[in-house]
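Pasting a structure below so you can have a look.
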Amino acid sequence: MLDWVEKYRPKTLKDIIGNRNSARQMAEWAKNWDFGREPLLLYGKPGIGKTSAAYALANDMKWEIIELNASDQRTKSIIEKIAGSCATTMSLTGAERKLLLFDEADNLHGSADKGGARAILDIIKISRQPIILIANDSYGIAKELKSACEQVQFRALTAKTIAAHLRDICSLENLKCSESTLNEIAEGSAGDMRSALNKLYAAGVGEESLTDEAVSTASKDERASIFDLVGSVLKSREDRRLLQLSAEISETPDVMSQWIEEGASYIKNEKKRAEAYHYLSESDIYIGRTFSRQYYTLWRYASALMLIGTAYAAEGEGISARIMPPSRWRKMAGARKQKGIRNSVFNSLSERYHMPSDTLRDDYVNLISVLIEKNPVGFARETGFDRDELDFFLHDRTKSADIIKQIKKEEKEREKAEKASKKREAPKRESTKKQPEIPEGKDQVTLKAAFQNNSSDENKACSKGINDDETTKKEPDCENGSLDKKRVTQATLFDGF
Ligand SMILES: Nc1ncnc2c1ncn2[C@@H]1O[C@H](COP(=O)(O)OP(=O)(O)OP(=O)(O)O)[C@@H](O)[C@H]1O
């Protein structure tokens, strides 16, 4: 049996209650959608119809819908695998278009979502299909992602609008309910239609009439979110209520502690803030012990310390800013990327200079930095660094990007010139094809092997000359080298066969 939230989920945009302008904006966008059109970003409080509106739109347009949630472990590669393919191809079921729906676009910083924002941006660039992103908190969305989208705000619904919808549902379900009870549910839902429907369902399902008592019992069962918990810790001093809220949310104490830590950073008074951090660190000890001893009863102490301790320190001063996901998640994602760049830089230098990467990192990093600063172009050209790797030493993203761009341009021009010169050389080679008795393949391989054994710069230059088909031009430079000698040697070797 469907609960009423599902049973009365809007089927078409016309069923969306309130937010008429937003629904209209979505319909316009879909009607005029064409390849290259910006995705939509629907944002607003939970439970006010964003996801329903996206589904209703897809239904109206007869578009197939593919939903991706943050909990799908949206690493870059997975997104590219799932969405990248359908972003560029037509639907298998024959539906004209596929709507890619990225829910929780404001929650892309967790470990499961590394590179999530970047990957979505990449998909936006290549997608031949419409995309909608959904977020509760527009401030939590990566800046680049936000500016790549057309934004549609969803506002919390008024108590009057919610009450009217509840009345309709009561009559469809043959449930008798007084106006005052309906208003009480609507007002207690703070603009959240889903929460209101859940309360009505919990109190009224299987009943003929609704009593105030049933409603207040049902309200207690309403599940809280982590945002409610952080807000309450900073605002309220009701210890029991805080513990009850923490039991309702689905986060474990270690994750909860990271959210509270972020919340504690909003406490204005420095002393009080320090006190909050003190309780958080005490709580962290119990979290550590829980894991090391696998004794989960200790979690209760951890929760009590972090919640009651932080609330005690905050003294109910409340929060004037938006509650954000832990900033350490963002920092950790950044640090992971930086570590990857560092490893790749030192591994490639280690190969080049035949030195352990640890030695390079511990003893030569300053020297290398100075050398690179003196001649960044030459160094980047020689090492084949990319922008991030070069920036690791230069600490100047624009400069690094410019240098890499310049090198790539030069490479392209060189390739072009080489191709052109090969074209010019081709007829000449045809005419000189009839060469000595030495089989062509064997000659090349043995010569190459001979050069590999010789590491002097001069011989390298000679070998380059040969590979580049410029033997004649380079010959005078090779007089002291062993090219001619080797040719003689090889010839003698082959003579022996
Ligand atoms: N504006 C609305 N009109 C009609 N029903 C609504 C509306 N908003 C919410 N509902 C009801 O609440 C349920 C949940 O709504 P929905 O999932 O669309 O909210 P949401 O804003 O996307 O929330 P979240 O941000 O948590 O995903 C729907 O199934 C529907 O029954």
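Glycine too: its Cβ is placed from the backbone N, Cα and C atoms.
Keep in mind it's a predicted model, so treat the numbers as computed, not measured.
Feature annotation from TrEMBL assigns ATP binding site to Gly44, Lys45, Pro46, Gly47, Ile48, Gly49, Lys50, Thr51. Residues or ranges marked as compositional bias 'Basic and acidic residues' in TrEMBL: 411-445, 457-483. Annotation comment: TrEMBL describes 36-158 as domain 'AAA+ ATPase'. Summarising the annotation, TrEMBL assigns region 'Disordered' to 411-483.
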Could you tell me which of the binding-site residues Lys45, Pro46, Ile48 have their C-beta within a distance under 6 angstroms of some atom of ligand 1?
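Cβ under 6 Å from ligand 1: Pro46, Ile48.
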Across the whole of the domain 'AAA+ ATPase' (36-158), what does the mean pLDDT come to? Round it, please.
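For the domain 'AAA+ ATPase' (36-158), the model's average pLDDT rounds to 76.
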What other residues of the same chain, not counting Gly44, Lys45, Pro46, Gly47, Ile48, Gly49, Lys50, Thr51, have a CB atom within 8 A of the CB centroid of the ATP site?
Asn136, Phe154, Asp192, Met193, Arg194
Please state whether DSSP places Gly49 (ATP binding site) in a helix, a strand or coil.
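DSSP assigns Gly49 (ATP binding site) to coil.
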Near Gly47 (ATP binding site), how many other Cβ atoms are within 10 Å of its Cβ?
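Step by step: centre on the Cβ of Gly47 (ATP binding site), count other Cβ atoms within 10 Å, giving 22.
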Within 10 Å of each Cβ, count the other Cβ atoms, then let me know which of the binding-site residues Lys45, Lys50 comes out lowest.
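Candidates: the binding-site residues Lys45, Lys50. Fewest Cβ atoms within 10 Å: Lys45.
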Which has the fewest other Cβ atoms within 10 Å: Gly44, Pro46, Gly49, the binding-site residues listed?
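Looking at the binding-site residues Gly44, Pro46, Gly49, the Cβ with the fewest others within 10 Å is that of Pro46.
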Taking the Cβ of Ile48 (ATP binding site) as the centre, count every other Cβ atom within 10 Å, in any protein chain shown.
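There are 26 of them.
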Where does Gly44 (ATP binding site) sit in DSSP terms: helix, strand, or coil?
coil
